[in-house]
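According to TrEMBL, the record shows the following:
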type    : residues                                                                     : note
BINDING : G25, R88, C89, G118, D119, G120, S121                                        : ATP binding site
BINDING : S164, I165, D166, R201, M208, G209, R210, E264, R292, H298, V299, Q300, R301 : substrate binding site
BINDING : R471, 528-532, R566, 573-575, E629, R655, 661-664, R735                      : beta-D-fructose 2,6-bisphosphate binding site
DOMAIN  : 18-323                                                                       : domain 'Phosphofructokinase'
DOMAIN  : 403-686                                                                      : domain 'Phosphofructokinase'
REGION  : 1-390                                                                        : region 'N-terminal catalytic PFK domain 1'
Amino acid sequence: MTHEEHHAAKTLGVGKAIAVLTSGGDAQGMNAAVRAVVRVGIFTGARVFFVHEGYQGLVDGGDHIREATWESVSMMLQLGGTVIGSARCKDFREREGRLRAAHNLVKRGITNLCVIGGDGSLTGADTFRSEWSGLLSDLQKEGKITPEEARKSSYLNIVGLVGSIDNDFCGTDMTIGTDSALHRIIEIVDAITTTAQSHQRTFVLEVMGRHCGYLALVTSLSCGADWVFIPECPPDDDWEEHLCRRLSETRTRGSRLNIIIVAEGAIDKNGKPITSEDVKNLVVKRLGYDTRVTVLGHVQRGGTPSAFDRILGSRMGVEAVMALLEGTPDTPACVVSLSGNQAVRLPLMECVQVTKDVTKAMNEKKFDEALKLRGRSFMNNWEVYKLLAHVRPPVSKAGLHTVAVMNVGAPAAGMNAAVRSTVRIGLIQGNRVLVVHDGFEGLAKGQIEEAGWSYVGGWTGQGGSKLGTKRTLPKKNLEQISASITKFNIQGLVIIGGFEAYTGGLELMEGRKQYDELCIPFVIIPATVSNNVPGSDFSVGADTALNTICTTCDRIKQSAAGTKRRVFIIETMGGYCGYLATMAGLAAGADAAYIFEEPFTIRDLQANVEHLVQKMKTTVKRGLVLRNEKCNENYTTDFIFNLYSEEGKGIFDSRKNVLGHMQQGGSPTPFDRNFATKMGAKAMNWMTGKIKESYRNGRIFANTPDSGCVLGMRKRALVFQPVTELKDQTDFEHRIPKEQWWLKLRPILKILAKYEIDLDTSEHAHLEHISRKRSGEVPV
């Protein structure tokens, strides 16, 4: 990046003013977005104003519109809801109200508005913008503003961020608050499951989401529910029979409970609402099961935002400021959203239109169309749910093919969910599925057994690895492994694990030259807290670890805020990969995150200490520094702690904390459960196809590079990549991919911690169109 460009980023906002408001229903993560807008706005030289109580504050003006400072958004990141308040506003719906709002903005010289809210709030913003010049001329006629003021505020830029727990906005994969709402729901479902098991009960859970079934659908995938009712896909006319049959089948297979999820907007084919009470009465009447209803209500909006929502809110906030300051009178109002892990800008009204089209399609009972308009990721969730919940596994004993599933490497939350969906999809396809205990070692020793449908019952929500996992690589046991493959007639291998699973895959490939038995298809599902498997942007278990670190950092920050003038140095896991340290730094609001991928010297450490010394002079008298466990062999956690302690004498005192193995434990987050379930299903589908392709004279013979793959998430799609092709992209010494997408988020971390650094504006999203996004790649 050139010096001029960097200079441009830091002066982009000089002489400009931005107002930020939250409107409509609150959502966890809104505060992260507000904080980012304020800090990045100030970084660019702009003045930033809070508008309290949403549009009502814009109309009322006065004390409701206050200038924000750097410190005024401190400690905001971990709070749920919205600190600046939100209100439903009737006045803004009338032109008279919008006239007053325009007057308040012009008087303060504000021409940039960032609105964080749902589709209603964003539509309102667009109306405001289109009327702007008319409103100005009226104000001028009434003598409320001078011609000079009107000239200075000749156009209004608007950028929207979607904050809504419902995830009902088209054009964005995830809205701010959705992930946190899922966290709340899953905590409750997990708690209810334990009591339901004690009493052999059936539970009907009603979740929020207005006219959108996203929360209900992902919840049912994440807890392995027996049935889900969502507005987009009403059940068939004989659903009562089907549901009761399904529940009693689950019980005969040995399950002690049933879980049914009902979205609050659920309807049947005729548009008649299906309520949780209806479902309960049906089950009691037909099956006589002890049934309870739990309506989750506003709990879902509450609580602290998840790590994902904090990072999402922060990234969107940064992007929003850039979009505002780069805006011209001709750029349409846009929404900043996330697609895969890419930030994108989309024309606001296009998104609103598609969102309205969904409602229209549902009203006209065109349910297939509504499902398509919800986007590819939603459809994929629905397909996987239907397979796992509605297809009866074949009864025949002779399996079509024999596929083995195993875990390799260190334990990661979500491994069990991946095993469960792999086993069940395998059985549905008519395969014989075997499970291998203790990784490659167990494969060599023959610690292998057949898994039936109920073998993996209730596994989705369980942390760790139920099959047992080891770091042992296959190379020295290839002979025994070949013998086991022959003995158990294994025709395909699904390997769920971390970097060892990947290197193990490469060793199996190498071994094919020597042993024909190894010429069977295999696929690797990345599962490790470190997120260091080549070929995938995310790995199963990393989200859970990130949330664990985040919760701990919140508590530590609270303790530091109480004692004042205290700096905590926290060591995270990850091997040489700085993903956890960087992302946790973004999510917890750290002052610095030391990682291996971004080499640092004693001068950098010195600058960080100086920065904290300055920070202690402000009202924010605490510091948080993260260090990845292998970021530097000489600058250890102890070294950094000692340096900070010495340099901070009399100004601040330091404490250190090594988080250790708690990062590998815990119950998996909704993201990891859902991701693992979809990866398992996709891997098994590929496997069945590959085995069929590899038949040679009555036996399986797979010897091509594409018969040994890593299934990874790349930008916006799930892709199968031959392990041999990934070799060039790997730094084997440090066990990390050579290129890692999240490194480009590092500057955001530094700006939000008040460092004067280069903000690389070359990475910014360009305006896309929503229709284009629908075709092309295979979605997650």
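Every residue number used here counts from 1 along the chain in the order it is shown.
Using the three backbone atoms N, Cα and C, a Cβ is placed for every residue, glycine included.
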Fewest neighbouring Cβ atoms within 10 Å: which of the binding-site residues S121, S164, S530?
S121
Where among the binding-site residues M208, V299 do you find the Cβ with the fewest other Cβ atoms within 10 Å?
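Per-residue Cβ counts within 10 Å for the binding-site residues M208, V299 bottom out at V299.
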Work through the binding-site residues one by one (G25, G118, G120, G575) and point out the residue whose CB has the fewest other CB atoms within 10 angstroms.
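The binding-site residues G25, G118, G120, G575 were compared, and G120 has the fewest Cβ atoms within 10 Å.
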By CA-CA distance, flag whichever of C89, D119, R471, S530, G575 among the binding-site residues is nearest to R301 (substrate binding site).
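Looking at Cα distances from R301 (substrate binding site), the smallest one goes to D119.
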Counting other CB atoms within 10 A of each CB, which of the binding-site residues R210, R292, R471, R566, H661 comes out lowest?
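Lowest Cβ count within 10 Å among the binding-site residues (R210, R292, R471, R566, H661) is H661.
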Would you kindly give the Cα-Cα distance separating D166 (substrate binding site) and R471 (beta-D-fructose 2,6-bisphosphate binding site), rounded to the nearest Å?
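Cα of R471 (beta-D-fructose 2,6-bisphosphate binding site) to Cα of D166 (substrate binding site) measures 41 Å after rounding.
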For the region 'N-terminal catalytic PFK domain 1' (1-390), report the average pLDDT of the model, please.
91
So among the binding-site residues D119, D166, who's got the most Cβ atoms within 10 Å?
D166
Compute the mean position of the Cβ atoms of G25, R88, C89, G118, D119, G120, S121, which form the recorded ATP site, and then list in sequence order the other residues of that chain whose Cβ is within 8 Å of it.
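Filtered neighbour residues, in order: S23, G24, G117, G124.
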Assuming the binding residues for ATP are exactly those in the record, G25, R88, C89, G118, D119, G120, S121, what is the maximum CA-CA distance in angstrom, rounded?
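About 14 Å separates the two most distant Cα atoms.
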Tell me the Cβ neighbour count for Q664 (beta-D-fructose 2,6-bisphosphate binding site), meaning other Cβ atoms within 10 Å of its Cβ, over all protein chains shown.
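Within a 10 Å radius of the Cβ of Q664 (beta-D-fructose 2,6-bisphosphate binding site) lie 21 other Cβ atoms.
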Which binding-site residues from the set S164, R210, V299, Q664 come within 10 angstroms of G118 (ATP binding site), judged by C-alpha positions?
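Of S164, R210, V299, Q664, within range: S164.
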Do you know offhand how many angstrom separate R292 (substrate binding site) and R88 (ATP binding site) by C-alpha?
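Answer for this pair: 34 Å between alpha carbons.
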Could you give the maximum C-alpha to C-alpha distance in Å for the residues S164, I165, D166, R201, M208, G209, R210, E264, R292, H298, V299, Q300, R301 that bind substrate per the record?
33
Could you tally the C-beta atoms, other than its own, that fall within 10 angstroms of the C-beta of C89 (ATP binding site)?
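Step by step: centre on the Cβ of C89 (ATP binding site), count other Cβ atoms within 10 Å, giving 21.
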Can you grab the distance from H661 (beta-D-fructose 2,6-bisphosphate binding site) over to M208 (substrate binding site)? Cα atoms, rounded to a whole Å.
35
When you measure from the Cβ of R88 (ATP binding site), how many other Cβ atoms are you left with inside 10 Å?
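I get 14 for this one.
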I need the CA-to-CA distance for S530 (beta-D-fructose 2,6-bisphosphate binding site) versus S164 (substrate binding site), whole Å please.
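One finds 30 Å between the Cα atoms of these residues.
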